[in-house]
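Below is one structure, written out as structure tokens, with a few remarks after it.
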Amino acid sequence: MPEEKVWSVVELLKTTIAFFAEKKIDEPRLSAELLLGHVLGLQRLQLYLDHERPLTLKELEAFRAACRERLQGRPVQYIAGEAFFYGYQFFVDERVLIPRPETELVLEHAMERLAASGLDSADSPSILDVGTGSGCIAITLALRLPGARVTAADVSADALDVARRNADAHGVSERIRFVEADALSASFADAVGGPFDLLVSNPPYIPEAEWATLQEEVRRYEPRLALVAPTGFEYYQSIAVAAPSLLRKGGVLCFELHADGAAEVRNLLGSSFADVQVMQDYNKLDRGLSCMAQ
């Protein structure tokens with residue numbers, strides 16, 4: 001019986017990237033790197049620093065199993081159990097959304113607005129993250145603003161379990177208060193407390209009518225609860241109503257947006273907010289909206 005070929009890291013990456021590309025897998029290089037890094041316990045950069053490292057038969061079988069899952073459509077981040085956001089590594093599974101690069105831009109915009117208001121230089125700015133999911137926004141804010149006190153709210157107890165795990169991993173658990181609360185509930189403001197210097201939210205904003213148009217792997221694997229609202233605007237409306245009582249005067253409200261949502265969300269804000277700004281993503285689509293409480 002012929003011996004199994006001994007694969008090096010670089011050979012296996014090259015072959016897998018080409019195979020994934022042939023099979024029309026999104027981001028074939030990223031998929032191959034994340035899966036192989038997961039199997040070997042290496043960061044993506046380390047794969048290339050240790051490119052001649054041979055794989056054991058056990059490692060090769062584990063990598064093949066991971067590739068089979070990817071070919072079936074399961075997102076690579078769920079297979080590897082990790083995703084990167086703003087340069088930080090987060091644990092993810094099907095209980096939470098996979099962090100997106102567009103959300104990094106919204107977070108950066110929120111921090112810029114907070115800095116412009118002067119509130120980021122306070123001894124301990126108070127921040128509320130509504131719909132925290134994996135905790136990537138709340139935890140990144142805690143890491144970037146070491147004096148910040150953060151409240152992270154989500155309606156999903158399962159999502160909060162993931163967020164707590166990530167907060168523990170990044171050493172910020174003592175500065176983040178996790179709250180199970182529904183932003184659509186009249187009791188939401190009482191549940192989360194306040195007042196806050198920054199309220200940031202990436203709420204469910206996909207209208208029910210658009211659900212069938214999303215990528216199949218999103219519909220099959222990512223939590224619908226975190227993505228969809230009947231018209232796409234219910235959470236914006238509820239948060240906009242609650243925000244004046246949650247934010248200090250001059251406090252910043254920052255939303256991630258549906259690409260077509262800026263005008264409607266602006267209308268929902270009413271007269272309680274000033275200096276409304278809309279920011280665009282890498283594709284020049286409206287992606288974030290921020291304003292200040294009056």
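Cβ coordinates are placed from backbone N, Cα and C, and glycine is handled just like the others.
Features of the protein shown, as given by Swiss-Prot:
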- Gly131, Thr132, Gly133, Ser134, Gly135, Asp154, Asn202: S-adenosyl-L-methionine binding site (BINDING)
- Asn202, Pro203, Pro204, Tyr205: substrate binding site (BINDING)
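A 10 Å cutoff on Cβ-Cβ distances gives Ser134 (S-adenosyl-L-methionine binding site) a total of 26 other Cβ atoms nearby, all chains included. Annotation for Gly135 (S-adenosyl-L-methionine binding site): spatial neighbours Phe90, Asp129, Ala152, Val162, Ala163, Arg164, Asn166, Ala167, Ile176, criterion Cβ-Cβ under 8 Å with sequence separation of six or more. Close to Pro204 (substrate binding site), meaning Cα to Cα within 10 A, are the following binding-site residues out of Gly131, Thr132, Ser134, Asp154: Gly131. Of all the Cβ atoms in the protein chains shown, 28 others lie within 10 Å of the Cβ of Asp154 (S-adenosyl-L-methionine binding site). Listed in sequence order, the residues Gly131, Ser201, Ile206, Ala226, Leu227, Ala229, Tyr235, Tyr236, Phe255, Glu256 complete the 8 Å Cβ shell around the substrate site centroid, once Asn202, Pro203, Pro204, Tyr205 themselves are left out.
Counting only the Cα atoms, the space from Thr132 (S-adenosyl-L-methionine binding site) to Tyr205 (substrate binding site) is about 14 angstrom.
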